[in-house]
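Annotated features in TrEMBL:
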- 140-246: domain 'TonB-dependent receptor plug' (DOMAIN)
- 1-27: signal peptide (SIGNAL)
């Protein structure tokens, strides 16, 4: 009985050793087939760590997220068990420019990298005075808002009055019949001399006859962020000119990322429109330069109602720590 008991203990010991050896070999084989990506995220100016920075490995072709982690209190990060392949390393942190790099991960290796992020002002946090804008369900006025995405969807070769004519109780009239040039707008039967129109808070009604010359605003449509239309008498801040309603247009052509965009449009009566916009992106983490050229030609619906517009816009914005200056 004693010898049998010793035999069972011996066999159990052998099996335990074999299992441990197999597990160690499997773990070693797994570590040889994967890799580890480590590094540290710091500020480019001071070298201080950026705890909480997002570190993501994405597929270089599809952009799909494959691995991700966050930096610890010292700015260090580690991505273990990464399959060998080519990846796009993306590091982001609020208030800093995005860092993107292409890397190749090899099996059985440990990659080490230090990422220094440059400070970047949050240009989209500009303060906008909204005291003259109504809030739906809060102010006792009937209001409709046209967002930027809807403006881009509707925008063709026409001007702002034709763009707003699709809104409730709103009609427009174009002198040459194609929505370009001299136009007028009516809301609930009130002519535009009784409509308060503001562009970025600046009144556009003529101080003498209170009329609005939309022909001078043609070409600003691609930079529109949103348009709010108040129908009927609203806030007293508009004065007597706003007894029929108010139109508040907000534009912001400056963006932190560089780009070049072209827009081409065509319509009836030989109407053609071309606009090219170039944006520099942030220069020195402070400045943005934007330029746009637009040209539109049309024979018009009426006789001798042809139109030829060549418009050029240029502007510069400076983003400070506590203010934004645009020219």
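Even glycines carry a Cβ here, placed using N, Cα and C.
The DSSP breakdown of the domain 'TonB-dependent receptor plug' (140-246) into helical (H, G, I), extended (E, B) and coil residues amounts to 28 helix, 34 strand, 45 coil.
The average pLDDT for the domain 'TonB-dependent receptor plug' (140-246) in the predicted structure is 81.
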